[in-house]
């Protein structure tokens, strides 16, 4: 009674929790939370993980991805294919292949070819790293490994040029052979340069593209010179 009288000073007495009895929960209001686990609500693709797939499928998927990047390089155009799904497997294969084909050169008959393999390997990777750092310092918008991926994959035309030159040298090393190799190397040098700039052009500031293209030109020129001056033992 005291509590009721205290609460009713200056007016009629009201219950302590007046109005709560009038509150009702509509069936249209969604209730958060779920105490049951739905069975079969997720599609198989959502639960798919590469950890569960066979090794053969993983290898085949990676090989197809590398092959698609090779196709993009052989038909260069402005595209983000090499930038979106970058990898270094293709550049590594191209670098090793080119170094193996160049290691039998006769620049010095006393050498066994080992240092030349290391020389080619270091020139390609060190040159790609320097060009990437130069691009980043000039305000490039691509990541470090994306640039290495593009520069490495664009060595493919020069690797093809090296293979053609070795086949031409099997027929002889005269003037005609040199002219044929010169034409092939120049064509593939231009192909590599154009392909790399086509992929990297949009990632550079418009007023600094020349400063990015020039080191790329020198990078592929050095590799082209090594291929052109190659003579087998």
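Glycine too: its Cβ is placed from the backbone N, Cα and C atoms.
Of the given residue ranges 52-71, 212-231, TrEMBL assigns the label transmembrane segment to 212-231. Long-range contacts of the transmembrane segment (117-138) within its own chain (CB-CB distance under 8 A, at least 6 residues past either end) are made by residues 91, 95-96, 98-100, 102-103, 144, 147-148, 151-152, 155, 200, 203-205, 208, 211-212, 215-216, 219, 222-223, 226.
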